[in-house]
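If you look up Swiss-Prot, you'll see 1-14 marked as compositional bias 'Polar residues'. The region 'Disordered' annotation in Swiss-Prot covers 1-30. Swiss-Prot lists Arg49, Gln50, Ala51, Gly52, Arg53, Asp98, Tyr173, Ser228, His342 with the feature substrate binding site, giving sequence analysis as the kind of evidence. Sequence annotations record features per position, and here Swiss-Prot assigns site 'Transition state stabilizer' to Asp98 based on sequence analysis.
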Amino acid sequence: MARWATMSTETTGTGARDEGPRPGDPADSPFVRACRRKPGPHTPVWFMRQAGRSLPEYRKIRASVAMLESCRRPELITEITLQPVRRHGVDAAILFSDIVVPVAAAGVALDIVPGTGPVVNDPVTTAADVDRIRPISREDVPYVDEAVRMLVGELGATPLIGFAGAPFTLASYLIEGGPSRNHTKTKALMYGDPDLWHALASRLAEVTLAFLKVQIDAGVSAVQLFDSWAGALSEADYRRYVQPHSQAVLAGLADAGVPRIHFGVGTGELLAAMGEAGADVVGVDWRTPLDVATRRVGSERAVQGNLDPCLLFAPWPVIEAEVRRVLAQGRAAPGHIFNLGHGVLPETDPDVLTRVVALIHELTARPNARS
């Protein structure tokens, strides 16, 4: 596969795409075509957390570099992002970063602790804490801008996905001080001081939007908004406290010319509301069949998902049967991007992922489907 032809500088850093895609343009790739509900030569596949601890080459690079530091070094971001594309032949790369990178750039003191995740030094409890979260621009995250431009040149026709954390999930980290099982402090603030909650979520929406615009201006072909913890909410609470802020982010990208993917874990009952927030593609975890998800999000949106990450530890005949099932259910959607229902687990055998990619490409080959 010719994945490494360098693109001309005329195709990088253009922001909104006004011209139609040309042959070899990532905008005409199977991934972007599926996002736009257009036919393509096969069902595209990539994996959340495909650049990560399942790869020995990733573990080697990260052995002596802290997580947050690795997210601030363009040469490391570039190499780590490329690793799964080289190894697996996936249809899209996703920028290596972490959802707390933009809030750190906005002045929040935090670290990413091995085995724990993001830990915030001074959790948000007051309006003064919210006021200390400053706006960001390209100058605050130059390493992201540089890495995206490098990657677009390296990837050629393979699209690069940019990403950011959604306001609710970021707010939960900032309020709880780190990962939380029940999000008790987050919900207490949300219910008890809704004005403060909306002020925080609105500020984080501004930071997230700015972070995604940096990536789009540098040349990413799509973006994904991760709302990892949204499944902790009822639909009523989601619509009241969360949807307006995710909608602000996605609406701010409406004229950017790239597909917008919206994903959360445990959000089967929220899929319609997440789609209504402004997504072109709604990510689905493994709990909800894709044909059911398609009915919930409607015919105006593609779906992404949704193999259970744990199934990759099963015998190959079981994996193959489940891949076939997901593909069959995905045919109910106007566009389907194959993915896992959450991130690749660290213990996953990378050879199994490579085999899954090859199987999907073989089973869905449609050489004359492009139109």
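Backbone N, Cα and C atoms are what each Cβ position is placed from, and that goes for glycine too.
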Take the Cβ of Arg53 (substrate binding site) and count every other Cβ within 10 Å, whichever protein chain it belongs to.
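Here the count is 15.
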Between Tyr173 (substrate binding site) and Asp98 (site 'Transition state stabilizer'), how many Å separate their Cα atoms?
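With distance taken Cα to Cα, Asp98 (site 'Transition state stabilizer') is 13 Å from Tyr173 (substrate binding site).
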So how many other Cβ atoms are close to His342 (substrate binding site), meaning within 10 Å of its Cβ?
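Looking across every protein chain shown, the total is 23.
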Quick check: in three-state DSSP terms, what is Tyr173 (substrate binding site)?
helix
Whole-number answer please: how many Å between the C-alpha atoms of Asp98 (site 'Transition state stabilizer') and Arg53 (substrate binding site)?
14
In this structure, which of the recorded positions Asp98, Tyr173 has the fewest other Cβ atoms within 10 Å of its Cβ?
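If we count Cβ atoms within 10 Å for the recorded positions Asp98, Tyr173, the smallest count is at Asp98.
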Restricting to the chain of Ala51 (substrate binding site) and a gap of 6 or more, list residues whose Cβ falls under 8 Å of its Cβ, or answer none.
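In sequence order, Tyr58, Ile80, Thr81, Gln83, Pro84, Ala93, Ile94, Phe96 meet the Cβ cut-off.
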Near Arg49 (substrate binding site), which residues of its chain come within a Cβ-Cβ distance under 8 Å, counting only those 6 or more away in sequence?
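Long-range Cβ contacts: Gly343, Val344.
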